Structures are given as C-alpha cells and as structure tokens.
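Q: According to Swiss-Prot, the signal peptide annotation covers 1-18. The N-linked glycosylation site annotation in Swiss-Prot covers ASN179 and is backed by sequence analysis. For HIS187, ASP206, ASP272, the entry in Swiss-Prot reads Zn(2+) 1 binding site, with the evidence type similarity to another entry. Among the features that Swiss-Prot reports, Zn(2+) 2 binding site is placed at ASP206, GLU245, HIS354. Annotation source Swiss-Prot lists disulfide bond at CYS321-CYS325.
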Amino acid sequence: MKIRAALALSATASGVLAAVVPQQALLNNPQIHHENEKYLIELAPYQTRWVTEEEKWALKLDGVNFIDITEERNPGFYPTLHQASNVRYPTKMEHVEEVVGLTHRLTKANMERDLEKFTSFHTRYYKSQTGIESATWLYNQVQTVIEQSGAAEHGATVDRFAHSWGQFSIIARIPGKSNKTVVLGAHQDSINLFLPSILAAPGADDDGSGTVTILEALRGLLQSDTVAQGKAPNTIEFHWYSAEEGGMLGSQAIFSQYKQERRDIKAMLQQDMTGYVQGALNAGRKEAVGIMIDYVDRGLTQFLKDVVTAYCNVGYLETKCGYACSDHTSASKYGYPSAMATEAEMENTNKRIHTTDDRIKYLSFDHMLEHAKLTLGFAYELAFASF
C-alpha cells in the first residue's frame, strides 16, 4: 500500500539510508536490475511520467501514489466519489443467521500461524527468489483449504497467474450457478524501499495482514455446504496479487485479461493493511474499519459500510487514500466496481511499512478478525445477491 501521509522514513532518503542500512539483514544473492530501464507511471488520471525503478521507490518514500502502466496502457475508467456503476447491491443483509454462524468459526490462531510463516521469508519483493517461494507457500495453503473443505470436488480451483517478473498472483475460484463474479483481494508482495532487492521486508501489516485475513475468510466461507458445493447463485473469487508495490502490476494484468474475456465482475473488495490499531488509539480515535470514499464505487462502498455495521464489533470511519493506493485501482481502471477497506483512517495507519520493522508484534489479531468477518459477510451476501 502507498501511504500519502509523509513517511517518517523520508527525512531525506540518503540520510536515513545511511542510518538504516547497517541494521537491515541482507539477501545473499540480490537480483541485479538495469539501472536505465524506464517505466511509465500514472500519478493521477491521465497524468503520466517516465521514471527509473529507483525513481519509483523514491516517489513511494515521499508518499506519492502511482500505478505503473508500462504494460497496460489501455485508457482507464476513473471513478470519483460520486460515481456509481449500474450494479445494484443489497440494501439490507439477507443472510444474517448463516453469516453469523460462519463468522463464529473464524479464528485468530489461524491468522497468527499463517502470518508468522508468511513474514519469515526474507522478502516477498516481486522480483526476488523468496518472493516466488512465499507465493508458492501461499498457493499451497489456499489449495489445502479448498481440498479440505471438499469444494474441489464441486469445481473449486486455485490457479497461478504467471507474470514476467517471477512472483505469480493467485486466484481461488468457487463457482456458483452463474458466472456473475465477486472478487475479494489482497496483495501478497512486500518491499523494503531502501534497497528492495537486498534488504529484508517482513511486510507483516503491508500486506501480510490482508493476505491472511482473506485466507481465513475463505476458510470460513467454505464451511458453508451451499457455497462449497457450488449452489450459490454467483461465483466468488479470492485474489492474492503480486507486485502491488511496483504499481499494481499483478492486479492490472488480471483485470486486463478479465476485460478481454468479457468477465462479468459485479464487485471487487480490496483489503490492504488490516492489523494496526495503535495509531488510531494514540490519536484519541476509536478502533474502526477505515473505508475509502475516493476513487471507489459509491454503491458498493455503501454496501461495504452496511456489512461492517451488520457483522463487525467495531464501526467504520470514512477516509481517503488518493489515486492508485492499492489494487482496487486496477479493477476500476477496467470498469469494474470496487471498494477498499483498511485498518484505520489513513493518517493513523502503520508508518513502519516498507521497512524491516513492519512486524507482527505491532498488530492486533482481534482487529484482523473484524476484517475477516467483513470479508466473509461481504462474500456470502453477494454470493446470494440478485444482480
């Protein structure tokens, strides 16, 4: 995730780097990149610039959002706060008894175990060998969840979506009676902005927290025999994107292909950073889910608010993250309705991201459980919605 608030890290990149590098663990065989290679980034709708990879990381250190459109230059669809798609979402929760029963099966222990392992990889940088290894581990976990639920016998699948940079994205698909599809997303990659190819990037919050949150929601959702057996009206997909930190590269590739295939995507919810609440508490704010209200679909965002109200023990607070702050941007770019949830209001989110100090010890698994509940509620209600 890209935080628009000025990071405490960026006093000036060079001065901070001198202080930080000695404390960072090094990777034995860093990948070497071509210093002069240029990338076309978009910093706002139709505002583009050619930059080197090092310049990309410098922008991120300064809290500047962008999407890398080097390989995906198709004209975008740019929703504003007041725009809404033609999709009509439920105005009330229709499956409270079923969803509440499923949320009781969600556990913090699963998320903590998974996140401990996920953060043990030196880095999940999308061009690194350990980024491939972490993706492989995650793929195997998703596959196990599907197989153990019995959903594989009814057509549920998990696939690797290959990319040129090495780390693949992951797509779990739970078919319904129609091809109308609801997508739940998080990004699996991490980054250390000082030296991405070399330094450790545990990425516990960004976005290890979102990754294990939606994985736990998948576990819970597949406890429903109706869903697992493919009897829900609509199809549900869970996505774990590669290369979000590079400019939403993985999610762009996926939604570009979906657009070419004329896939009927009715909703996409991104969760990026779901575990840090201390910033909000320190600021005198209540623990709550942060819901983006800029560059998202208005109708879907209202539905998301209703889900939080119905199924979570915390409320929500509206917030803004600017253009291109996470992978929901890619869904919007190709005309699909998207929404975005995070751990708090943006000014109170985790400032340790993109360093070696983005660690589990700062996170609240109680809060992550609330995000898992909203994910499960969102998925189940829309699995049975009449679109």
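Cβ from N, Cα, C; glycine included.
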Q: Counting distance between Cα atoms, which of the recorded positions ASN179, HIS187, ASP206, ASP272, CYS325 is nearest HIS354 (Zn(2+) 2 binding site)?
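A: It is ASP206, whose Cα lies nearest.
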Q: Same chain, not part of HIS187, ASP206, ASP272: whose C-beta falls within 8 angstroms of the C-beta centre of the Zn(2+) 1 site? Give them in sequence order.
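A: Apart from the listed residues, the neighbours are MET1, ALA186, GLY203, ASP207, GLY210, GLU244, GLU245, MET273, SER326, ASP327.
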Q: Would you mind listing, in sequence order, the residues at least six apart from ASN179 (N-linked glycosylation site) in the same chain with a Cβ closer than 8 Å to its Cβ?
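A: Counting only residues 6 or more apart in sequence, the Cβ neighbours of ASN179 (N-linked glycosylation site) under 8 Å are THR235, ARG263, ASP264.
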Q: Starting from the Cα of CYS321 (disulfide bond), work out which of the binding-site residues (HIS187, ASP206, GLU245, ASP272) are within 10 Å.
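A: Neighbours among binding-site residues: none.
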Q: Tell me, in order along the sequence, which binding-site residues from HIS187, ASP206, ASP272 have their CA within 10 Å of CYS325 (disulfide bond).
A: ASP272
Q: State the count of C-beta atoms found within 10 angstroms of the C-beta of ASP206 (Zn(2+) 1 binding site), not counting that atom itself.
A: 31
Q: For CYS325 (disulfide bond), which DSSP three-state class applies?
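A: Assignment for CYS325 (disulfide bond) reads coil.
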Q: Counting across all protein chains present, how many other Cβ atoms fall within 10 Å of the Cβ of HIS354 (Zn(2+) 2 binding site)?
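A: Other Cβ atoms within 10 Å of HIS354 (Zn(2+) 2 binding site): 26.
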